[in-house]
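Now, the feature entries from Swiss-Prot:
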{"type": "REGION", "residues": "1-226", "note": "region '2-C-methyl-D-erythritol 4-phosphate cytidylyltransferase'"}
{"type": "SITE", "residues": "Arg16", "note": "site 'Transition state stabilizer'"}
{"type": "SITE", "residues": "Lys23", "note": "site 'Transition state stabilizer'"}
{"type": "SITE", "residues": "Arg152", "note": "site 'Positions MEP for the nucleophilic attack'"}
{"type": "SITE", "residues": "Lys206", "note": "site 'Positions MEP for the nucleophilic attack'"}
{"type": "REGION", "residues": "227-384", "note": "region '2-C-methyl-D-erythritol 2,4-cyclodiphosphate synthase'"}
{"type": "BINDING", "residues": "Asp233, Val234, His235, His260, Ser261, Asp282, Ile283, Gly284, Thr358, Thr359, Thr360, Glu361, Phe365, Arg368", "note": "4-CDP-2-C-methyl-D-erythritol 2-phosphate binding site"}
{"type": "BINDING", "residues": "Asp233, His235, His268", "note": "divalent metal cation binding site"}
{"type": "SITE", "residues": "His260", "note": "site 'Transition state stabilizer'"}
{"type": "SITE", "residues": "Thr359", "note": "site 'Transition state stabilizer'"}
Amino acid sequence: MAKTVVLVVAAGRGRRFGGDLPKQYHDLAGRMVLRHTLAAFATNPEIGAVRAVIHPDDRQLYDMAAAGLNLLEPVHGGATRQDSVRLGLDSLKDLNPDKVLIHDGARPFIDHGTIGRVIRALDRHPGALPVVPVADTLKRGQDGFVADTVDRANLFRAQTPQGFRYAEIVAAHHAVIGNELTDDAAVAEKAGLAVELVNGAEDNVKITTGADLERARCLFDGPGEVRSASGYDVHRFDPAKDACWLCGVPVPHEAGLLGHSDADVGLHALTDAVLGAISAGDIGHHFPPTDARWKGAASDQFLAHAGSLVTAKGGRIVNVDVTIICERPKVGPHRAAMAARVAEILGISQDRVSVKATTTEGLGFTGRKEGIAAQAMASVWLPR
């Protein structure tokens, strides 16, 4: 049983945002908004499982946003957010978690500190709500004029994730079917559940309009630094195989590559580059060739792991570049597919991925067609 499960609500159409593309699937610093949100929970060690609630028409977009993350199968939402949450909660019945956190898919800046405060509050009370105090002076208007000033003491802006003991919030949601309530804390209030206020975070903003998205992009461009690192790998040919795995794509050839895993020289070099950019060792440290678990393993999981470590540090991948060095096979016909696959594994847009090929003009082991080499570069943005 997963003790704490997260339900990410991402079934909305974003009518206030405008346009045909729902806001949660817009680009934010090279990744979809929803990707940032899902990754924040999927990489948190306090979370046992993550499930998204999506619109039936958005499955292809969702799969792009969720690629490479360890998530539960998504479920479809309903006509309203409240309906979507209830359907999502019901889908967790077999997991029967102790606690559930309900989060807006369009809040990509959720931090581990807020998540932890919500989880710990549920040890004390059946509900927990992250909030930030209202700082602006509040005015009540009437007929276009100021009627009076509202006392802002004890007034807060509610955020998500809103946390609850699972059994109690499920019962509360079923008890208010037909009532239109603004958030899950209101559902809990209606059921008489005590909801503790915990400190939220000013940056944990919800993207509702196009202007919100622009402000979110400014947040991503805030204090931080870009780090770059390189990676290099070599594998000899194995005549017992009839294809080479290169950057996640099988390339037909008279020989494959010899290695403990699938010997994907491109992904191995790139994994080392990403790990190097965050000073996290090398591929052999995380996936030692002496470990039988990685015998014949697909190398996409190595790169996905490196990407998840970047996310866990609050960072993002800016761009990656791979150069494959060989006489044969020809890389050109497969280059676009390789770039697309790398982008999918890392959850970044394809215009942040470069895959190139060159030869050594007949010199050295690659010139003698004994194997393939690859070198890679990765640039990563990390908060200060």
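One is the number of the first residue shown, and numbering goes on along the chain from there.
Cβ from N, Cα, C; glycine included.
Keep in mind it's a predicted model, so treat the numbers as computed, not measured.
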Same-chain residues six or more away whose CB lies under 8 A from the CB of His260 (site 'Transition state stabilizer')?
Pro289, Trp294, Lys295, Gly296
Need the DSSP three-state call for Lys23 (site 'Transition state stabilizer') to compare against my parser.
helix
Quick one: Cα separation, Asp233 (4-CDP-2-C-methyl-D-erythritol 2-phosphate binding site) versus Lys23 (site 'Transition state stabilizer'), in Å?
40
Intrachain C-beta neighbours of Phe365 (4-CDP-2-C-methyl-D-erythritol 2-phosphate binding site), sequence separation six or more, cut-off 8 angstroms:
Val234, Arg236, Gly371
Could you please provide the mean pLDDT value for the region '2-C-methyl-D-erythritol 4-phosphate cytidylyltransferase' (1-226)?
93
Taking the Cα atoms as reference points, how far is Thr360 (4-CDP-2-C-methyl-D-erythritol 2-phosphate binding site) from His268 (divalent metal cation binding site) in Å?
20
Based on the record's binding annotation for 4-CDP-2-C-methyl-D-erythritol 2-phosphate (Asp233, Val234, His235, His260, Ser261, Asp282, Ile283, Gly284, Thr358, Thr359, Thr360, Glu361, Phe365, Arg368), what whole-number value in Å is the widest Cα to Cα distance?
30
Entry from the recorded positions list Ser261, Thr358, Thr359, Thr360 having the most other CB atoms no farther than 10 A:
Ser261
